[in-house]
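Peer 1: Just passing along the structure, written as structure tokens.
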Amino acid sequence: MEFGAGGDGGGEEAARRVQVRFTTKLGPPFRAPSASLAVPSNLSRMGLSEIVNLLLKNVNTDHETQPFDFLIDGELVRLPLEEFLLAKGISAEKVLEIEYIKAVAPRKQQDPSLHDDWVSSVDGSNPSYILTGCYDGIARLWKGAAAECTHILAGHTGAITSAHIIKGKSESANTFHIATGSKDRSLRLWKLDASEFSGQPVNVVKFKILQGHTSSVQSISSDPSGDMICSGSWDSTIKLWKVKNFEADGDSVSIKKRKLVSETANDAESQLEGMSVSTLVGHSQSVSSVVWPDRETIYSASWDHSVRQWDVQAGKDTWNMVCGKVLNCLDVGGESSALIAAGGSDPVLRIWDPRKPGTLVPVFQFSSHSSWITACKWHPKSWFHLLSASYDGKVMLWDLRTAWPLAIIDSHKDKVSLVFAFHNRVWDLILTGYFVGYRYYPQIGGKMTVLLVEELIPSCLYVLECQFNRMNDGKDST
């Protein structure tokens, strides 16, 4: 079969033709005939997409036209076909196998709502709730698509810098633990019973205060069992803490007692302090991000320009990579959950593979941002996709098979401070918190936007809004 010039233009009748065969791993509704075709060599992605849609329409008259992306030898095609083949040294004399996948097509977002303060942390790992931490010193729990605030976690005396839902194997859908970290140098543990909510936000009392850091807590992560958490701090250390068995040991307040929100001395006495069980020492500056992907290993990023892999039992770092830049964030994912992504004080998102001995050079580098990268997150179900957020005001969706971002979320006017992605049934949710304003201005604004990514196509679901005044803690560390 032979096709003329594609709808993306740029071709003449006498354009050179190449023999191609389209393949896909998509389900039957998207499977085109596998016969070889002669197509113009000047086709780009749009022209190839038109051909695939035409083939699918011939098989199924109810097929609705949609954009596709194309892979040749595992790499996304982002150039006209002939240019791509020349750049990669691929012969056009044989039948070329081209795999097609569903393309990313950003949708229009809703108008955002501004807040009076910064949203510093977001966790959406619970399928029904979203947790936010704010610079007013309060964490809030929001319920699902209704975007309704159900629980308020107040008690820190400084801005909250990290809020984390502890994902233990024994946790139920309605009862779970939360850890928050703050500029007041402490962590607090909370146990929430979602069934307590009856229309008005429930004020939750912490059941444990974790003391030991000598400076602001910057990041929190839990081990896969949910029995322990680790925290990174401006004091350059990583501390490990027990989470479970507090109530069994008599260290916590009962659920009935926690419902009695009180500021009396008796209530203060019931909130017993906990100490760390271990401290990991090695970084020389702020530990900006920690991840605990398996029981034996913790990863950390620091302002000392290093990413480290720690042996939890030995208490020592087993892999130390220096990249020459202050690092703000990291996450572990990709193939076999073995790739480390990190971003920092330049526009480059770097990815390392610790399995490759003898080299500290990133295996991937993405540089489409125009300012510092503040957050990154791997897709939990895909080896290839991850997100990054930057002070350039953009959230970018990446695919390891191409150097260009698949999608750019660019609806906000100022700095994006964080991003979190998680898989929830057939959707992915991206939660982003934004810096709006500048660090030392008295009037600061912030917002938290929830975006739907269905088959990697982002669109805004809703904006969570709460009104509060900025807490002046007098000791900004960031």
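Here the Cβ of each residue, glycine as well, is placed from N, Cα and C on the backbone.
What you are looking at is a predicted structure, and each value in this text was computed from that prediction instead of being measured.
Below, the features straight out of TrEMBL:
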type	residues	note
DOMAIN	18-85	domain 'NLE'
REPEAT	178-200	repeat 'WD'
REPEAT	210-245	repeat 'WD'
REPEAT	280-320	repeat 'WD'
REPEAT	366-402	repeat 'WD'
Peer 1: Summarise the model confidence on the repeat 'WD' (280-320) as a single mean pLDDT, whole number.
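Peer 2: For the repeat 'WD' (280-320), the model's average pLDDT rounds to 96.
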Peer 1: Mind checking how the domain 'NLE' (18-85) divides into helix, strand and coil residues in DSSP?
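Peer 2: Looking at the domain 'NLE' (18-85) with DSSP, the answer is 23 helix, 17 strand, 28 coil.
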Peer 1: Tally the residues of the repeat 'WD' (280-320) by DSSP class, grouping H, G and I as helix, E and B as strand, and everything else as coil.
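Peer 2: Taking the repeat 'WD' (280-320) as a whole: 0 helix, 27 strand, 14 coil.
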